[in-house]
Amino acid sequence: MAFFARPASASSAVRIVNPNTKDEPAPSPRKDHVQRRCRNVMIYGYCKFEDKGCVYYHSPPEEAPNPPPRSASPAVPAAATSPISAHAVNAPVFIPKASSLSFTSPSPSAPVLRQSPSSPAPPDYRQSTEHYVYSDSEQMSELDTQFYDDSQAHYNGYSPDYAQNMEVPFYTGPSQVYMSEPLDYHLYTPAIPSAFVTSSTASHFVPPSSELRRVLQEQSHVIRSAPPLGSSLPEELQGYHTFAPIDNISAPERKKFFNLGSIVYRAINSTDGVSYVLRRIENFRLMQQSAFNAIEAWSQIRHPNIVPVHEAFTTRSFNDSSLVVVYTYYPNAQTLFDAHLRSAVPAHLRNGLVPLGHSQSLPQLSQYVQPTGSQFSHSQSLQQLQPSGIPERILWSYIVQIASAIKRVHEAGLAVRTIDATKILLTGKNRVRIGSCAIWDVLTYDQHLDIVALQHDDLQHFGRLIFALCCNNPQATTNGNFQKSLEIISKTYNHDVKNIALFLISKNHPHKNISTVFEMISGRLLTELDDAFEGIDRLENEMLSELENARLVRLLCKFGFINERPEFARDARWSETGDRYIIKLFRDYVFHQIDERGNPVTNMSHVLTCLNKLDAGIEEKIMLVARDEQSCLVVSYKEIKACVEIAFSDLSRSSSRT
Ligand SMILES: Nc1ncnc2c1ncn2[C@@H]1O[C@H](COP(=O)(O)OP(=O)(O)OP(=O)(O)O)[C@@H](O)[C@H]1O
């Protein structure tokens, strides 16, 4: 939609042009031009191109009125020179002789707009509109033919390839079934002319405009996509419906929450209609309600780098006793493991992989969990993997964000306990959030673990994560890989990286806490802050263009309501007088311009400029010419805006009466 947001041309005024300008070939005179009166004569009383090839009819000197003094801006004639004053804008100014409307071919005598050479080439909409099919064709044929265009009789809006994919299930709510209409990103957003792209360069946190658009559209598509058919998931559970597993849950890649059987679902909350993530821990029996105290504490924590925890419950709806914890859903989020480490791990080793940092500190859960068998094997070393860690700028960004999240949690008297590449989500460009929080606290609620020791563990797991990301190896600190990993980090990264990683991983450092971490990385914080502010600025710019879109859509809707109303088709008083007539002429002025050869002008800049000026209601005046060219009006955008408002409120009033 930003495509429509930024007009490239500054003026919408009608230009009276010399048809024989140097840079354009002289138009071949068309027969219908020959007897048409030159509008230069009508407006200015004379045509300076009369002897230079102007193809329109110029009356002999005695017929022509005295030329008025020339306006400094020929595009906006003075009101005094116009046949009808702008003050009469609300009066029934003009009743055309013929009220028949034709939309099949634009009148060659409509105002001429010459395309500015600097304007972007108008997008070609023919591809997407040449196959229009109006489904209720019988009804359509009964309508007066003046209201539609035969040439558009075959539009279905979709390319043949796209149409083949139409049978994908779409979200329906629990009981209805609709057919899906998958988004075709190319159809929704044709290539955006560079003039309309807010930014074509990426910033650290925000991708270029076109990429950002694609990412957001994909997210929106994912949110609306339907669960796979035939799943045996509950229809409704604790106010959530439309369950869909995230990720492939089939064997051999069985999902685990560390050593517990776990599945992550997306589901919609019936109260607010928003999608959430529900992480289910299989075969868990809750002994006491007080286990949920941790959920309450976690639900108070709001931090940009932590996936918010919403609620938790136990259920038997999955044919076992499961614990379910509900989190905010980030469509298309990827774990750091998937984003950076998965490709480094051969498929046959993935299932036996030790989750980072948790090999020695798995809590005792046997009393709550029906054992599913050990998933971890230390037998295979990953030492042979080639190092190619992530770029240092991204690494520091992750370090700062994760450290900031840890600080918030530790200050709240909690421990994160899920600092692990498989539990930290990449939710946007270089944006990470720690997920799956609170689960360990529920699972181990009665073990009275020392919170300081758990916080210490957090830092150690953080160190291991840095090692893993730098060495592109989830086992960088285990299986005898430590020395080699240290070498890789020293060779590849600034010594600050090695320092912080070693500090975090150390066991008995006297000042090891998150505040000391911040002292060590303070030099990196400003870069992060600057990039974050740059990202905000970029997004504000993007939003501005979306605001413009909303303005234009509202205006176009009003035009749609007002123009060509079938019930007034034969009532010339409605559409051919007063406000509605001015709106109709304005519509011609905006959309039905033709060039010197009589071809339609589809200059988006002109349309956008006109509509923006109309929405702003500025004082600039334009000349609207009747289709038969027998009269013209000089009106300001402000006056046209008033006409649109009056006509629209007339319609709204009558609709609210019924
Ligand atoms: N809050 C969330 N929003 C969106 N997607 C999420 C969220 N939490 C988890 N996911 C996605 O769910 C999927 C499964 O999560 P899970 O934690 O099981 O990751 P995993 O890589 O499969 O880890 P494990 O190896 O421990 O099973 C991942 O692809 C992850 O991106």
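Positions of Cβ are set from backbone N, Cα and C atoms, glycine also.
Just so you know, TrEMBL annotations are computer predictions that nobody has curated.
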Field: Candidate ranges 37-61, 437-461 [criterion: TrEMBL lists as zinc finger]
entry: 37-61
- prompt: Taking Arg279, Arg280, Arg565 as the options, which does TrEMBL list with Thr422, Lys423 at the ATP site?
  reply: Arg279
- request: Scan 14-33, 474-493 against TrEMBL and say which stretch is down as region 'Disordered'.
  value: 14-33
172-210, 328-366, 523-561 - the range that TrEMBL marks as coiled coil: 523-561
- prompt: In Å, how large is the greatest distance between any two Cα atoms among Arg279, Thr422, Lys423, the listed binders of ATP?
  reply: 14
Statement: In all the protein chains shown, the tally of other Cβ atoms within 10 Å of the Cβ of Lys423 (ATP binding site) is 26
Field: the region 'Knob domain' (562-658), counted residue by residue under DSSP: helix, strand, coil
entry: 56 helix, 12 strand, 29 coil
Message: Let's check the environment of Thr422 (ATP binding site): how many other CB atoms sit within 10 Å of its CB?
response: 23
